[in-house]
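Shown next, in structure tokens, is the structure this report addresses.
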Amino acid sequence: MALASDKFVLSAIVLAVLTVAAAAAGYGGYGDVGEYCRVGKAVSRNPVPSCRNYIARWCAVAGGRLDSGKQPPRQLLEPCCRELAAVPMQCRCDALSVLVRGVVTEEGDRVAGMISQHAAPGCDAATIAGMASALTDYGRCNLQHTGFFGCPMFGGGMD
């Protein structure tokens, strides 16, 4: 039978662990990074332009199908991977979302994405988004990631 003091000590330890975990998530963790990853802060208005070229070429080579197994030459992927590596890890999906879907900035400026510009003829919006998400897969660019495999979804955007 546990004593009341043992239960109190256990509760205090659990509370301390939860407090430390919450503080770690808020400080440099992967909590709410929305403000940090906005266009004009960690994400530029024209993020990862080499990835735009790579996705457009991938659409052409693959005939508009993500599952075709056909991909552009590796030397076209390498500049894209370098640009993605320069984006903070927790902002990569946001940068790719801006690239694919575009965004309306806080100032009200519209930044068009690949979908609205029809920058990848032959690929529909879902395929373009899938190809962009696949760029964050470890096997593609060998980038460290936040724990997700690819970008689980693109939020917001204009398209």
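Glycine residues also receive a Cβ, built from the backbone N, Cα and C atoms like all the rest.
Among C81, C91, C93, the one Swiss-Prot lists as the disulfide partner of C141 is C81. A disulfide bond in Swiss-Prot ties C93 to one cysteine from C37, C151, and that cysteine is C151. Disulfide annotation in Swiss-Prot: C37 is bonded to C91, selected among C80, C91.
For C51, the disulfide partner named by Swiss-Prot among C80, C123 is C80. Nearest neighbour of C81 (disulfide bond) by Cα distance, taken over the disulfide-bonded residues C51, C93, C151: C51.
Residue pair C91 (disulfide bond) / C151 (disulfide bond) shows a Cα separation of 10 Å. By a simple count of nearby Cβ atoms, those within 10 Å, the most crowded of the disulfide-bonded residues C51, C80 is C51. C59 (disulfide bond) sits 15 Å from C80 (disulfide bond), taking the Cα positions as reference.
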